[in-house]
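Here it is: the structure, laid out below.
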């Protein structure tokens, strides 16, 4: 019953994401942990705004094996990595929004630091705009196992919280439930839009001051 409730919540989140335009042209992928050994991952090439329960494939978390023989998302290995790293993660959302994609390219360092925004409190455990939220940025790579190794290497020394960006690609975020993952996604997207607008205004102000 719990699995059905969570899958229903994930389907609703996917349809909402589709309406937001955060996964255009069948991009993005979503997943749900079932237990310590298995998860459900979206099938490759499916429009996220019109997914059904049949579009989620059973995947073995340890080795990415799909018993059905169907093809899951090409980035399944990043989902299963997160489930192996953090037992508390129960849902992962990967989106391709304009704000996340552009901001990940504008920011030249390997992390995006968000500071001074009240909406930082949309992220679990954040209590004040005076704190900083650090979102790692990884260079994009079509070799997903190699990208997963880089994510795992960072996580060994700096535990990942809320999400990470893949440069020029998009956002991965998660939560201990579908509802928390969805809240983190909405909060981060708002923060990304604020940060992008702030940088644009700063650039225009500096240009006008010359």
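A Cβ is built for glycine as well, from the same backbone N, Cα and C atoms used for every other residue.
Swiss-Prot feature annotations, pasted as is:
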- 94, 96: Zn(2+) binding site (BINDING)
Hey, of the binding-site residues listed (94, 96), which one tops the CB count within 10 A?
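That would be 94, with the most Cβ atoms nearby.
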Specify the secondary structure state of residue 94 (Zn(2+) binding site) as given by DSSP, simplified to three classes.
strand
